[in-house]
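Asker: Below you'll find the structure I mean.
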Amino acid sequence: MRNTICRLPNGQSYTVTPVFGGVNFKSNDMHLKDSIIPPGWTIVLYTNQNTDQPAQDSVPPEEERGRSRYTQGEAEEKTRTTRFTTPTLNDDCFYISFIVNPPSTDFKPPVSPTRQIAMMIWVSLYWYFHEPEPDLHLQTDAASQTPLTGKPKGEWRIHLKREGIFKGRNLLQKLERMGLIASEESSVGLEPSETQESGAWSRMFVSRRSFWQIDPRIFVFTLVPANPLHSAPSSPFISPRFASPSRESPIPTESPASPTGKDFPLHMPNEGPFASSSHLPTYFPPPPTQYTFTNGLRHPVRPKPPHQGEVFYIRFIPSVGQYLSFRVPILSSSATPSRGHGHSHSTSSIEVPPQTTPSDLDLLHKWMNDPRVSAAWGEGGPKEKQEKFLRNNLTSRHSFPVIGCWDGKPFGYFEIYWVKEDRLGALIGGADNYDRGIHLLVGEQEYRGSHRVAIWLSALVHYCWLADPRTQTVMLEPRVDNEK
């Protein structure tokens, strides 16, 4: 087991401890009285092993079957279970066996037990799919003589067993409707009504591929302060030039400000994409497709992108031990003032940027005048040129600008766009309605390198998948003279 701390994108974290037969999750944020996720739970996690001869003790005594991992037909399938040590391609199984339910005075009782269980499953899988990847190659008779690089690859899956908490009536059906679990048996079945012994829901699974395409806002969210002004930043727009999350303060927040005069906005940004004041998920599915025309080209009406300063993607990266986040830049040319320390209802102590933090326009001016960047982008020159550049991108109807941050420190500038309306769409022809593209530059030398590129590039693509499930392709368009 590689990871003993599970850091969620909403800022909460759990200590993961091996216990007999499985793994225990314990919250590190016990001071959160209104937390939706319970402070702890235990999952039974084990690995099935195929064997030609089933072990003599593979079938436990009748009186112990309630505690064992024995299921009907296990002996016939000639499988035995072993202790989980490292993930396998598709032989791991789990179920929730125990939930810590503290007094309602300490934690808010669940309004929907099913959704609470779904949250625990999501957190458990979030930890599991951060464990070392198993060998994906399939060992088949047809490919027995094939070199390893040519062998077919399978899907990394973990199976959910109908044991423990999952024996609840209609629970698996609800989880399947949420899109969290799946089954390849998509028939109605011959049983007129389902029973506890029914096998129709006994072979549910979650694949890594599907898990990372589920928007985490469906299952993980945090509560905002009762007074929204406590989250307003001391910026000209009362829109956060977010101090993107660090390891100590993963959720960005701001200090009080006085919303007076013409600067008071209609939009009050929240504390990141996971904040909720209604005790409900912050995710909504994409709207129905409507069409419009741009320069004679018919394309879907696009949803509005995130607001200036809004953090729209957060994730802890174990391999570098840092939080990666993406936010929309702010046009204001004034440096971000010091905001001291603050607190939110979703995390503990909040660390904010120092007085010397440059504005986004200052960063863009610095990066665009780097000879390496200027040669590719051609946007070097006085600050007025970068201001016009940023203004044009903030008013674009088919793209929006992005600032990437490592532990709160900006490192690069990006643009996420819809290919069909972009000039690239006209050049390649046949672009799909929901194809997206990315422009990119890394401005800080300390964050260059192939390892970090692979991380933030896959994260940008990940966001594109989450933003609209209809997106099937994400494109890059390097210059013809780009040697890399």
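Heads up, the Cβ atoms here are built off N, Cα and C, so glycines get one too.
If you look up Swiss-Prot, you'll see 51-81, 240-264, 335-355 marked as region 'Disordered'. Per Swiss-Prot, substrate binding site is recorded for HIS439. As annotated by Swiss-Prot, active site, proton acceptor applies to GLU477, with the evidence given as sequence analysis.
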Asker: What does the structure give for the C-alpha distance between GLU477 (active site, proton acceptor) and the residue listed as 'substrate binding site'? Integer Å is fine.
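Answerer: With the alpha carbons as reference points, the distance is 8 Å.
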Asker: Test of understanding: give the count of other CB atoms lying within 10 angstroms of the CB of HIS439 (substrate binding site).
Answerer: 18
Asker: Under a three-state reduction of DSSP output, how is the residue listed as 'active site, proton acceptor' classified: helix, strand, or coil?
Answerer: coil
Asker: Take the Cβ of GLU477 (active site, proton acceptor) and count every other Cβ within 10 Å, whichever protein chain it belongs to.
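Answerer: A count of 15.
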